[in-house]
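The feature domain 'Glutamine amidotransferase type-1' is assigned by Swiss-Prot to 2-226. Per Swiss-Prot, the feature active site, nucleophile maps to C86. Swiss-Prot lists H195, E197 with the feature active site.
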Amino acid sequence: MKFAVIQFPGSNCDFDLLWAIRDVMGAEAEFVWHDEKSLAGFDGVLIPGGFSYGDYLRCGAIASFANIMPEIKRLAKEGKPVFGTCNGFQILVESGLLPGVLIRNEGLKFVSKWQVLKVENNQSNFTTEYAKDALINLPIAHGEGQYVADEATLAELKENGQIVFTYADENPNGSVENIAGIINKEGNVLGMMPHPERAMEELLGGADGRKMFASLLKNFLVTVKN
């Protein structure tokens, strides 16, 4: 199974993401520049955090029109895994691959710290290695992470079990329903503001991110082989 780690101008978590999936988890992965027009040969996509295009206009807005995006949408439509963290999550909502929008933090300040999350749905392809209602600790680092959506969208997210992670001990950005991460209806696209790729080794502060990548590899490897 081979992953494309997409690089945009301003990405700064790309090496973390590559290290997590390749060096720690043992999967095949390589960088793909945003201006490429093909993802032939790849079985999944990882979109890193950072400040794509300097966060001009809106976070993720310009990146959503990058040349590589039609290919990312193609893989998503084919049921291949697509994961976006932080700015990657912003790109996924701006491109329409996930519902809702991410706006400026409620406190109007950049927040950088370790954050306790609750695993709301451990039956998704990205969370099966976690226990239901497990509390995990992952880093966050963002200024525009407040997730908002209309009532109809929120009702649909709840009904379909698309709310995968919520903020547990406190809400750091004002996200509605404490939402920290969601999946699409089909279950193959996950976006989240926290950074699991930064929680892969106890030596570095914690390893709660490992199970997210382990779930991804376990569940999608079967799909790719079939």
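Each residue, glycine too, has its Cβ placed from N, Cα and C.
Not measured: the values here are computed from a predicted model.
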Neighbouring C-beta atoms (10 Å sphere around the C-beta of H195 (active site)):
25
Neighbour count, 10 Å Cβ-Cβ cut-off, for the residue listed as 'active site, nucleophile': what number do you get?
30
Which secondary structure state does DSSP assign to E197 (active site), in the simple three-class scheme?
helix
When pLDDT is averaged across the domain 'Glutamine amidotransferase type-1' (2-226), the result is 95
Given E197 (active site) and C86 (active site, nucleophile), what distance in Å do their CA atoms have, once rounded to a whole number?
11
Euclidean distance between Cα atoms of H195 (active site) and C86 (active site, nucleophile), Å
7
